[in-house]
């Protein structure tokens with residue numbers, strides 16, 4: 001694309017195209033939608049609304065912005081292609097025309113030279129302006145079209161920028177923007193003197209489709225002499241990229257039996273070239289189909305969108321489960337000569353629909369079941385289904401259509417094998433039903449697809465035989481209830497409890513009875529006739545009777561193969577009789593020794609029930625006479641009474657008060673119960689005092705036992721401690737006896753401590769040990785000074801200050817005097833402690849004690865007698881005896 005040259009030659013303004021004929025050089029291959037050139041219309045007032053048109057609308061189209069586009073793809077011939085561009089004022093309908101001549105580029109670089117046109121910085125003087133004032137106008141320069149992947153040579157000249165003021169001034173030209181001085185830099189350069197704009201290397205439209213530069217003109221001082229102009233460089237696309245599918249393998253599904261025209265899937269490919277040009281316009285087609293049955297063309301593809309649809313009927317999953325298509329995408333609108341192609345694989349899976357009903361493999365199935373068995377599989381119903389396994393179109397459902405009115409059977413489906421499992425859910429009695437003939441039907445979980453000619457279900461017959469087995473005898477009735485008064489004597493016949501054998505078709509002798517459960521051991525049963533008699537007196541008040549009911553369980557066994565047995569429960573409802581006299585509760589009570597309002601409340605307890613229980617009558621016996629003289633009793637309700645003192649004072653102690661209680665039974669039952677009453681002294685609140693309470697009541701049995709247990713435990717602990725101490729002493733003595741004589745401490749030299757480094761290694765004040773006559777008074781050492789290397793055990797004792805008067809010359813007197821001072825000191829350490837008096841120190845008149853020598857040498861001694869003293873002196877014998885060595 002070449003820009004249209006526009007230069008104002010005079011000071012007047014003329015509305016219309018800048019020129020009558022415009023020639024442009026374009027690429028030989030023109031693609032649909034490709035911008036070719038940019039026409040500009042000059043309007044002096046700037047308010048006209050212009051509509052552009054083309055004389056060849058089927059080949060060229062002019063946009064509202066003046067850009068001319070190719071409407072279709074074609075090849076330019078060697079001769080220039082001409083057409084007319086028109087501009088029409090939308091208001092006045094005035095029209096202007098300009099002829100455009102398109103010349104193809106040379107086939108090879110350098111075949112012909114292309115004229116480099118100039119881009120001039122424009123200016124315009126309006127008629128109403130001052131003659132000395134020029135006003136610049138902005139003019140959009142038509143874009144420069146540059147093909148990508150150009151072979152050069154580089155740098156390749158594009159256009160020359162110049163200003164009409166370069167005749168009078170020395171100007172410098174420059175360009176700015178991406179591709180020039182901004183990344184990617186160095187693609188476009190300009191000669192600062194001539195203004196020649198060049199490209200330095202091949203361009204790639206897929207990286208940058210266009211460059212927007214700005215040209216500048218300044219004088220030698222850097223002053224701007226022209227307004228910058230914008231330069232747009234469009235990179236023309238070349239077909240340098242193959243189509244690429246988004247996926248190499250595409251997966252789709254289509255139901256079997258689909259009609260022609262059914263959508264399957266869409267494959268998509270992309271091309272990095274310009275999508276608005278032929279280079280990026282793709283077309284799809286199917287290269288192959290595998291397998292080719294039932295037709296080699298089961299599918300077709302929309303060549304523009306990539307949609308795959310069915311074009312033939314006959315998709316059957318049971319015959320062909322999957323189709324593989326090779327799809328090709330070609331650019332250049334599918335041109336096989338110039339276009340680039342690529343392929344991908346489309347895998348189409350035929351999905352299953354329910355076009356095959358389940359079919360039984362047999363018309364009749366057989367099974368058998370023992371009587372009285374439940375949850376037992378008696379028959380397996382097998383079916384075949386050509387649909388895809390483990391899908392709703394394959395899964396079978398079974399139901400019974402006849403032969404089981406009582407619902408004793410059900411049919412479950414095995415999820416793995418799809419078989420029907422006929423299962424017994426209710427017990428079957430052989431004596432009632434010996435055989436069942438069931439009618440069953442099988443169908444899928446989903447209904448058959450429309451248009452299928454098969455029946456929706458399959459039917460079969462199931463014949464089930466019931467096997468007779470030895471059944472357990474059963475008692476009638478079970479449980480059996482018997483009402484009987486308590487007190488029935490042992491050996492009395494209670495009732496007859498018999499069982500029946502349901503096996504009418506088996507040869508069996510008789511039933512045998514036995515007792516299974518009899519908590520109180522009151523009953524026995526005859527093993528032949530089932531007669532139950534008592535073995536003890538029936539007592540309603542027994543702990544084994546709950547709510548007047550006593551339960552016993554009996555067993556009936558037959559002699560079948562295998563032997564069977566059944567249980568029956570006998571329930572004896574015991575009627576109460578007045579066989580228990582009432583008793584007093586509580587058995588012990590406490591009251592005060594004086595007549596006070598502190599009566600004792602008592603209650604009558606009778607194990608019997610109405611009418612053999614309350615209301616009760618309470619009275620005191622006539623004998624001994626002291627009872628009625630000291631006590632009185634008053635009934636306050638049917639079950640309760642109050643006992644209180646009759647006299648004003650009764651001596652503290654424990655009294656046994658007999659009370660006669662009579663129930664309301666017929667005949668009456670009465671008993672004399674003894675109430676142990678503890679009479680004690682009471683305080684003002686009516687409570688027994690502590691001493692009297694202890695004397696009167698004493699300690700309970702539980703408390704006494706607890707105290708004894710504590711004493712015993714304490715004695716055991718003391719005994720264990722003593723034994724442990726004795727054992728410890730014995731172990732210590734035994735351990736000493738086991739010590740090796742050589743290790744006996746009595747035969748060894750023990751080192752307890754060391755004196756220190758000697759007398760000469762430290763400077764001490766030894767004036768205290770010198771002759772007192774020679775000691776100066778001011779040089780006397782303070783009392784209580786100790787050696788620096790001695791470890792203090794107690795706090796420094798504060799001895800009484802001794803006078804500095806002269807001491808006697810004898811050192812012994814001095815030491816005795818110090819001893820007395822220490823003994824009289826209350827802060828002194830104990831007598832068995834180490835007492836520090838003073839140090840001899842350096843310069844003492846006394847001789848040193850650190851170098852004592854024996855008065856006689858042991859070399860002349862005979863130590864052989866040490867060998868006769870035993871093993872304890874063996875070390876000394878080895879050291880001193882045994883010769884010169």
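Glycine too: its Cβ is placed from the backbone N, Cα and C atoms.
Sequence annotations record features per position, and here TrEMBL assigns domain 'Cadherin' to 138-245 (among others).
For the domain 'Cadherin' (246-360), the model's pLDDT averages out at 93. Sequence annotations record features per position, and here TrEMBL assigns domain 'Cadherin' to 246-360 (among others).
Annotation source TrEMBL lists domain 'Cadherin' at 361-475 (among others). Within the domain 'Cadherin' (361-475), the DSSP-based counts of helix, strand and coil residues read 0 helix, 53 strand, 62 coil.
Sequence annotations record features per position, and here TrEMBL assigns domain 'Cadherin' to 476-584 (among others). Counting residues of the domain 'Cadherin' (476-584) by DSSP class, helix then strand then coil, yields 0 helix, 48 strand, 61 coil.
Marked as domain 'Cadherin' by TrEMBL: 583-689 (among others).
For 703-725, the entry in TrEMBL reads transmembrane segment.
Per TrEMBL, compositional bias 'Low complexity' is recorded for 842-859.
Taken from TrEMBL, the feature region 'Disordered' covers 842-863.
Broken down with DSSP, the domain 'Cadherin' (246-360) shows 6 helix, 50 strand, 59 coil. Counted with DSSP, the domain 'Cadherin' (138-245) comes out as 0 helix, 47 strand, 61 coil.
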